[in-house]
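Participant: One structure, as structure tokens, below. Some questions next.
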Amino acid sequence: MAAASQIPEVVLGSSAGPKSMPVLAFGTAADNLQPDALKTAVIEAIKLGYRHFDTASIYGSEQTLGDAIKEALELGLVDSRDKLFITSKLWSNDAHPDLVLPALKKSLQNLQLEYLDLYLIHWPISGKPGKLVDPLVDLMPMDFKGVWAAMEESQRLGLTKSIGVSNFSSKKIETLLSFASIPPSVNQVEMSPFWQQKKLRDFCKANGIVVIAFSPLGAIGSSWGTNHVLESKVLQDIAEARGKTIAQVCIRWVYQVGATLAVKSYNKERLKQNLLVFDWDLSEDDLAKINQIPQKKMMLKENLVSADGSSPYKSVEELWDGEI
């Protein structure tokens, strides 16, 4: 059985001084949430040594994750809440200065927690205040300054230890940094051997921002995912040569190039395999082969853009500031 200490950690800036974040998170996003399966998988993951769990208000998984954490604590699988690292996200309907704190408090209520370890702005766009919906309708420009000030306030109040963003381009982070008192500690973005995000990674590294990769295995099984990653001949050859799975090669690659990641699996065997990536290296040759993989972004989010003025972004190029 893997011990929690086998998952390396990175240090984030936080309200209580530096905060360690496990580099491998268990992701809870799903097109069709199955609460019982998720709860069982979270408890299994904790037994295996996972300590970082990633959710979001829009996923609908906060409540189930909260129940699983409560049970794990009651069973003594972890000594205390502070041994876990819990991330959640602010959905666009709540991305308004006066709604940030109420939204965070609602997430805490769902999770049955007193604080989050990390709270992220899910997308750089706002939706009509009210019911959380996905896909979004009634899109509007985000008041970045006002929303970020409320995020900073939530950290100062101790409702979250650290704050950050998700799906932000280098340019959008640059804008945020121009007025932030507390800089974002994290940017969670799509990243895999098929979408390597080198420019964004370099930018984040230069600014002390940790990158968390979502869908590092291609989000197979989701509505927008692809099986290109797990069926890649290049990755298959590297995996076979090393006696590893393709998933292990992908996870190791993300970690080795300096990012962290959230991976979703409800399968006990795969959960176990995904942990076994920290005691071996990909060679320079492996890395060079992976660098040659043609790049293609999966999640373009066309539904957030509109040329007719109903979105603040006229095109996907504008949404991602050319990082596509």
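Each Cβ is built from the backbone N, Cα and C atoms, and glycine gets one as well.
Pulled from TrEMBL, these are the listed features:
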- Tyr59: active site, proton donor (ACT_SITE)
- His122: substrate binding site (BINDING)
- 26-293: domain 'NADP-dependent oxidoreductase' (DOMAIN)
- Lys89: site 'Lowers pKa of active site Tyr' (SITE)
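Describe the structural context of each listed feature in the structure shown, including burial, neighbouring residues and relevant distances.
Facilitator: Less than 8 angstroms from the CB of Tyr59 (active site, proton donor) sit Thr28, Ala29, Ala30, Leu33, each of them six or more residues away in the same chain.
Shown in sequence order, Ala56, Ile58, Lys89, Leu90, Trp91, Ser92, Ala95, Ser166, Asn167 are the residues of the chain, 6+ apart in sequence, with a C-beta less than 8 angstroms from the C-beta of His122 (substrate binding site).
Per-residue pLDDT, averaged along the domain 'NADP-dependent oxidoreductase' (26-293), amounts to 94 for this model.
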Participant: Among all the protein chains here, how many other CB atoms are within 10 A of the CB of Lys89 (site 'Lowers pKa of active site Tyr')?
Facilitator: 27
